[in-house]
Amino acid sequence: MMVGGGSETRTLSRRRQTPSRLVRMRRSQPSLIAISSSTNIYQVGEIPGFCFHVRQQWQQQNIANGKGLKLGFYKKTCPAAEYIVKTTTAKYISRAPSLAAALLRMHFHDCFVRGCDGSVLLNSTTNNQAEKDGPPNLSLRGFQVIDAAKTALEAACPGVVSCADILALVARDAIEQIKGPVWLVPLGRRDGNISKASDSLTLPPPFASITQLKTIFASKGLSVKDLVVLSGGHTLGISHCSTIATRLYNFTGKGDTDPSLDPNYVTQLKRKCKPNDTTTLIEMDPGSSKSFDDDYYTIVLKRRGLFQSDAALLNDNSTSAYVKLQAQSHGSTFFKDFQASMVKMGQIGVLTGKAGEIRKQCALIN
Ligand code: HEM
């Protein structure tokens, strides 16, 4: 599925729009997201000031990604739903902007394990260790934002808005709040009842090769372009020193360093991250880890991507071409591409219709 392109595309990115131009767009034109080679056109409701028509085609016919979702899904059942989520998110992000990174990552981790079904939000029980307690998820942050939005929504319209939808909206609103790209969030996801810590090990690890990354993304119905675009999420946020310890201190078991990492950067990183340090945090985009920009691609091109999975994007012709293009054009298409790939990611393996449930509390099955 390719989103964008063509004369009818209007990007929701605010980055290159002046405020007055944005206002003009909102008042005068319907905003469209065009998805090429469309097979379906459906009416998709309204976000204040916008009317959207979305055309969709599923490239991966074998995955029911996004089936049954639509924009404005809660228009009749809970008209204030999106407003409630937006204001709750704004309250938290304005106080702690670094949570935007955490919430984006949480949405990614939800979608890549059993689909975007809120399974990452469930607590472990005596008989079950949940995803949340699986190794890659131990560093997730920001659950309090989801819980606050859920509490406000249950007060306004009990039993209507799913936790999976809340997470998808919160991730979008958090990134909007820090002036990043804004994407559409078709809604109607339902909450899953299964959450297993062992499933979290299917998330791509930071030492993944380009072949492994491509395979994992393809298994979710995402393309190689989605891989390189969504990896750009690493323009935000922090990592633990322990995640890169092997790269710095013991790459092949001989006390060596990953040769794909810029040696000058290795020196800087070793100053911050001592061997066996499990607590220190480092920025993935040093100096601007709370702002959503196109720095990630410049960093990767300079061989300063923090993880092997970032560096791996230089090991494939098409991903490396994309890295170079964005690095050399100041991210000319990055925001637009990110919007499109986030729409796709948010539709992975969703439960809709009568499947799953609408949880009363996001951490507990009803
Ligand atoms: C392509 C495969 C990916 C791998 C291997 C990967 C791996 C990681 C790892 C290991 C961390 C840091 C963990 C720590 O030490 O605390 C991290 C953080 C992060 N990741 Fe990824 N990631 C990938 C894709 C993505 C995607 C698709 C997104 C979003 C679209 C994303 C967004 C983030 C963000 C925002 C953070 C920082 C979180 C924070 O500040 O709390 N990542 N990622």
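Yeah, the Cβs are placed from backbone N, Cα and C, and that goes for glycine too.
If you look up TrEMBL, you'll see His109 marked as active site, proton acceptor. The feature Ca(2+) 1 binding site is assigned by TrEMBL to Asp110, Val113, Gly115, Asp117, Ser119, Glu131. What TrEMBL records for His234 is heme b binding site. Under the heading Ca(2+) 2 binding site, TrEMBL lists Thr235, Asp285, Asp293. The compositional bias 'Basic residues' annotation in TrEMBL covers 12-23. Residues or ranges marked as disulfide bond by TrEMBL: Cys78-Cys157, Cys111-Cys116, Cys163-Cys362, Cys241-Cys273. If you look up TrEMBL, you'll see 68-366 marked as domain 'Plant heme peroxidase family profile'. Per TrEMBL, region 'Disordered' is recorded for 1-23. What TrEMBL lists as site 'Transition state stabilizer' is Arg105.
Structure coloured by features recorded in TrEMBL.
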{"residue": "Cys111", "record": "disulfide bond", "contacts (Cβ under 8 Å, 6+ apart)": "Lys220, Met345, Gly346, Ile348, Gly349"}
{"residue": "Val113", "record": "Ca(2+) 1 binding site", "contacts (Cβ under 8 Å, 6+ apart)": "Ser119, Val120, Glu131, Asp199, Ser200, Thr202, Leu203"}
{"residue": "Gly115", "record": "Ca(2+) 1 binding site", "contacts (Cβ under 8 Å, 6+ apart)": "Gly192, Ile348, Gly349, Val350, Leu351"}
{"residue": "Cys157", "record": "disulfide bond", "contacts (Cβ under 8 Å, 6+ apart)": "Tyr74, Thr77, Cys78, Ala80, Ala81"}
{"residue": "Cys241", "record": "disulfide bond", "contacts (Cβ under 8 Å, 6+ apart)": "Lys272, Cys273, Lys274, Asp277, Thr278, Thr279, Thr280, Leu281, Ile282"}
{"residue": "Asp285", "record": "Ca(2+) 2 binding site", "contacts (Cβ under 8 Å, 6+ apart)": "His234, Thr235, Leu236, Asp293, Asp295, Tyr296, Ile299"}
{"residue": "Cys362", "record": "disulfide bond", "contacts (Cβ under 8 Å, 6+ apart)": "Gly118, Leu121, Leu122, Phe143, Ile146, Asp147, Lys150, Cys163, Ile166, Asp191"}
Quick one: Cα separation, Cys116 (disulfide bond) versus Asp110 (Ca(2+) 1 binding site), in Å?
5
For the disulfide-bonded residues Cys78, Cys116, Cys163, Cys273, work out the Cβ neighbour count at 10 Å and name the residue with the minimum.
Cys78
If one measures from the C-alpha of His109 (active site, proton acceptor) to the C-alpha of Asp117 (Ca(2+) 1 binding site), what distance in angstrom results, rounded to a whole number?
11
Recorded positions near ligand 1 among Cys116, Cys157, Asp285 (Cβ under 6 Å):
none
Among the binding-site residues Asp110, Asp293, point out the residue whose Cβ has the most other Cβ atoms within 10 Å, with all shown protein chains included in the count.
Asp110
Within 8 Å of the Cβ centroid of the Ca(2+) 1 site residues Asp110, Val113, Gly115, Asp117, Ser119, Glu131, which other residues of the same chain have their Cβ?
His109, Cys111, Phe112, Arg114, Cys116, Gly118, Val120, Ala164, Gly192, Ser195, Asp199
What Cα-Cα separation, expressed in whole Å, is found between Asp117 (Ca(2+) 1 binding site) and Arg105 (site 'Transition state stabilizer')?
15
Near the Cβ of the residue listed as 'heme b binding site', how many other Cβ atoms are there if near means within 10 Å?
22
With an 8 Å cut-off on Cβ-Cβ distance and a minimum sequence separation of at least 6, pull the same-chain contacts of Arg105 (site 'Transition state stabilizer'), or say none.
Leu140, Gly233, Gly237
Neighbouring C-beta atoms (10 Å sphere around the C-beta of Glu131 (Ca(2+) 1 binding site)):
26
Helix, strand or coil by DSSP: which one applies to Cys111 (disulfide bond)?
helix
Within 8 Å of the Cβ centre of Thr235, Asp285, Asp293, which other residues of the chain have their Cβ, at the recorded Ca(2+) 2 site?
Gly232, His234, Leu236, Met284, Ser288, Ser289, Ser291, Phe292, Asp294, Asp295, Tyr296, Ile299
Enter the number of other CB atoms within 10 angstroms of the CB of Asp117 (Ca(2+) 1 binding site).
28
